[in-house]
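TrEMBL annotations:
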DOMAIN    6-100  domain 'Pyrroline-5-carboxylate reductase catalytic N-terminal'
TRANSMEM  7-28  transmembrane segment
BINDING   Ile10, Gly11, Cys12, Gly13, Asn14, Met15, Ala71, Val72, Lys73, Pro74  NADP(+) binding site
BINDING   Asn58  NADPH binding site
DOMAIN    164-269  domain 'Pyrroline-5-carboxylate reductase dimerisation'
Amino acid sequence: MTNYSKIAFIGCGNMATAIISGLVASGWPVEKIMASNPSRGKLDNLADQFSLQTTNDNREAANFGDIVVLAVKPQKLPEVCLQLSQCDFSNKLVISVAAGFRAAKIADGLKQNPVIIRAMPNTPALIGLGATGLYATSQATENNRQIAESIFQAVGQTNWVSNESHIDIVTAIAGSSPAYIFLMMQSMVEQAVSSGLPEQDAFDLITQAVSGAAQLAKATPAKTLNTLRKEVTSPGGTTAAAITVFKNNEFEDIVKKAVSASIQRGRELGNHN
Ligand SMILES: NC(=O)C1=CN([C@@H]2O[C@H](COP(=O)(O)OP(=O)(O)OC[C@H]3O[C@@H](n4cnc5c(N)ncnc54)[C@H](O)[C@@H]3O)[C@@H](O)[C@H]2O)C=CC1
Ligand SMILES: O=C(O)[C@@H]1CCC=N1
């Protein structure tokens, strides 16, 4: 995309910072980005790092953007939408990254019927390796969809979903899943260190192994995840010893229950807002 639109971020925490960093790295002109947040600290960091425009006034940011990205916590969204209801969104594209919060509720909160696209990215967007699920409401044009896609493709991979409820599933397996992997890596580092390996070596090897495993799975789509696992697992070997412990402790069931709990929480956030 060469014709960059003006983009405003309402709420400038972890996720907005990750997207902004990725966008700037991909060449989005900083003069076409504005970020709004109540506290100065995060804005000052962003302004120092990227020289982009910042404000404490959400309405100023919304009026600036052709694209307005809602990046506050879902619990803050009703208050923010009420505030922004004084802005005219008729020629704007609203993109919400908030978990759970339904597009219809955003339109209600804004007291108008703008084009809304829901996006569910994740923090690896910070380094251009995000995974984002996208859902477009029926008013969205092909051009709106292309713009949303170009933003999140600038920070990683995108997948469209055709049903809004699928965004809750995307949230569980892509938005939240880096945290599950970090937890697993942390446990592996801790055990490696207590078994005697220096922490830095453990960190280097585990991060590379996890990254390599994911890249291998992507690079060999003809092989199932089950096949790839079996190729590592020699009968009676070291991997089998670990897999036996996982299976005996119902690891797969735990992972499925965790993903299911995350999906359920997304639905609850959607219902309560
Ligand atoms: N952190 C993540 O990995 C992901 C987060 N999300 C979604 O992104 C949204 C933001 O999450 P995070 O960045 O993690 O949270 P965060 O807490 O890091 O950022 C939220 C920001 O909103 C600001 N804020 C609070 N009230 C505000 C107001 N009235 N107006 C403007 N800004 C206000 C806060 O000061 C904070 O900087 C959430 O809705 C979350 O569901 C989506 C995908 C992944
Ligand atoms: O934990 C959350 O609710 C947000 C949504 C996905 C990742 N973080």
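Glycine residues also receive a Cβ, built from the backbone N, Cα and C atoms like all the rest.
No curator has checked TrEMBL annotations; they are predicted automatically.
Features as recorded by TrEMBL, highlighted on the structure.
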residue : record               : Cβ neighbours (10 Å)
Ile10   : NADP(+) binding site : 27
Cys12   : NADP(+) binding site : 26
Asn14   : NADP(+) binding site : 11
Asn58   : NADPH binding site   : 23
Ala71   : NADP(+) binding site : 29
Lys73   : NADP(+) binding site : 14
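Long-range neighbours of the transmembrane segment (7-28) within the same chain, counting only residues 6 or more positions beyond its ends whose Cβ lies under 8 Å from a Cβ of the stretch, are 34-37, 42-43, 46, 49-50, 52, 54, 58, 61-62, 64-73, 76, 80, 84, 97, 121, 123-128, 130, 151-152, 154-156. The separation of Ile10 (NADP(+) binding site) from Asn58 (NADPH binding site), Cα to Cα, is 6 Å. According to DSSP, the secondary structure content of the domain 'Pyrroline-5-carboxylate reductase catalytic N-terminal' (6-100) in residues is 45 helix, 19 strand, 31 coil. The average per-residue pLDDT of the prediction over the domain 'Pyrroline-5-carboxylate reductase catalytic N-terminal' (6-100) is 95, rounded to a whole number.
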